[in-house]
Every structure is written in C-alpha cells, then in structure tokens.
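Features reported for this protein in TrEMBL:
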| type | residues | note |
| --- | --- | --- |
| TRANSMEM | 6-23 | transmembrane segment |
| TRANSMEM | 30-50 | transmembrane segment |
| TRANSMEM | 70-90 | transmembrane segment |
Amino acid sequence: MMILSVIFSVLSLFLFFCQLFTLTKGGRFYLTGIFQILAGLCVMSGAAIFTVRHTDWHEASENTSYGFAYILAWLAFPLALASGIIYVILRKRE
C-alpha cells in the first residue's frame, strides 16, 4: 500500500505539471487531486494494516515500538488528503 501511495503521489506530481501547461484558464486540477487523495487513502490503509498485523509479525514485549516510519505514515495521511482537497479546489490562473 505504501508503494502504491508513492506511485500515486509521483503520478499526481507529473499530472500537475502536465495540467499546469495544458489546462485552460479557470480550470480545476481534478485529476491531480484525485490521485493525491488516492495516495492519502493508500497511506492510511497501509498504516492501519500494519497497526492491526503488528503483533502477528513481532512478538509482544515491553520494549517493542512501531518506529519512526509508522509515525511518519500517520502524519503523511492527513497531509496527502489535505493536499488532494486543495488540488481539487485550486483553479488555474494566468
């Protein structure tokens, strides 16, 4: 899911640059926003799956932690979602 999220984010970036040069004045970046929202949803589902399955992959002990990548994933989820919503609302100006 995290790999899909990275792919959707990169596609969103490339689509943004393509739409930046081809979109008419006043148009909205719908396709870019959709791919960014999909990236956010993939991050959320990947982090949620890891949360649920963590005890199956590692034995429970006192000093077991999720790690910094887990925290970054949960921080990336709302940021990617907000970015996608902003892309959908954004209009092209001249």
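A Cβ is built for glycine as well, from the same backbone N, Cα and C atoms used for every other residue.
Whatever TrEMBL says is automated annotation, not expert-curated.
Outside the transmembrane segment (6-23) by six or more residues, the chain places 29, 31-33, 35-36, 38-39, 42, 80, 84, 87, 92 with a CB less than 8 A from a CB of the stretch. Long-range Cβ contacts of the transmembrane segment (70-90) within its own chain (Cβ-Cβ under 8 Å, at least 6 residues beyond either end) map to 2, 5, 9, 12, 16, 28-30, 32-41, 43-44, 46-47, 50-51.
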